[in-house]
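Colleague: Take a look at this one; I'll ask things after.
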Amino acid sequence: MTTLEAVILGIVEGLTEFLPISSTGHLILVSNLLGIQQTEQHKAFEVSIQLGSILAVVFLYFKKFLDTNLMKRILIAFIPTGILGFVLYKIIKSLFNPYIVVFMLVFGGLLLILIELYHKNKSYDINSIYEVPYQKAFLIGVFQSLAMVPGTSRSGATIVGGLLLGLDRKTAAEFSFMLAVPTMFMATFYDVYKNRSNFNLSDWENLIVGFVVAFISALFAIKWLLKFISNHSFIPFGIYRIILGILYYLWY
């Protein structure tokens with residue numbers, strides 16, 4: 001992998017991680033377009049640069065992470081994914097291919113549109129991340145565990161789960177952002193540890209480049225998304241997922 005490719009993948013990761021359009025799916029698709037093979041080493045790179053996106057959330061929400069009651073909710077939501085991710089690690093890795101990504105992009109897009117249409121004239125009961133009940137936090141975590149299939153979108157699954165459970169768009173998005181921290185940190189740490197012997201000096205340099213670029217890109221993406229959903233629904237993201245999935249299927 002070249003430094004330029006690391007920069008491109010870092011931008012893709014940072015811009016898509018917290019949008020409901022599947023960062024993993026985009027990384028796989030872009031890697032294929034760049035002619036990069038999906039080796040175990042490259043898969044580890046894709047997961048590892050997510051650390052940059054994680055730190056962007058920590059940077060923006062640092063004070064909220066110091067709230068004990070809020071962190072209890074986040075940790076409860078993390079439990080389903082933490083357990084299933086550890087148990088199903090090898091199976092999840094075997095699913096990293098473009099065809100599964102295309103299917104999940106289209107399916108997830110349709111689901112996102114249907115959920116928004118269903119909630120079009122309904123009010124939301126929960127308007128703050130501090131108000132999310134523990135049982136609903138756990139259920140959002142269950143939704144997140146479904147997103148272990150590439151192309152599903154972790155943020156998309158948690159946002160859909162939040163909307164179905166009565167969270168408004170901003171609350172669902174912010175809870176999704178914060179839940180990403182323990183989830184992605186554990187996934188990143190585990191992948192880097194398992195593949196540490198496969199990285200040479202050049203690989204580590206590319207990891208650092210991808211990490212920094214992902215961090216900067218994620219800062220912009222998070223701020224933009226919160227501003228966008230204050231006046232718009234998630235339907236445009238659903239349409240985007242469907243179009244992207246169809247175009248890539250036709251091209252591939």
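Placement of Cβ uses the backbone N, Cα and C atoms for every residue, glycine included.
Remember, predicted model here, so these are calculated numbers, not experimental data.
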Colleague: In Swiss-Prot, which of the ranges 1-21, 148-168 has the transmembrane segment annotation?
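Modeller: Among 1-21, 148-168, the range Swiss-Prot annotates as transmembrane segment is 1-21.
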Colleague: Can you tell me which parts of the same chain pack against the transmembrane segment (95-115), counting only residues 6+ beyond its ends and a CB-CB cutoff under 8 A?
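Modeller: For the transmembrane segment (95-115), the list is 20-22, 24-25, 28-29, 32, 38, 43, 149-153, 156-157, 160, 163-164, 234-235, 237-242, 244-246, 248-249, 252.
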Colleague: Counting only pairs 6 or more apart in sequence, are there at least 3 Cβ pairs under 8 Å between the transmembrane segment (206-226) and the transmembrane segment (1-21)?
Modeller: yes
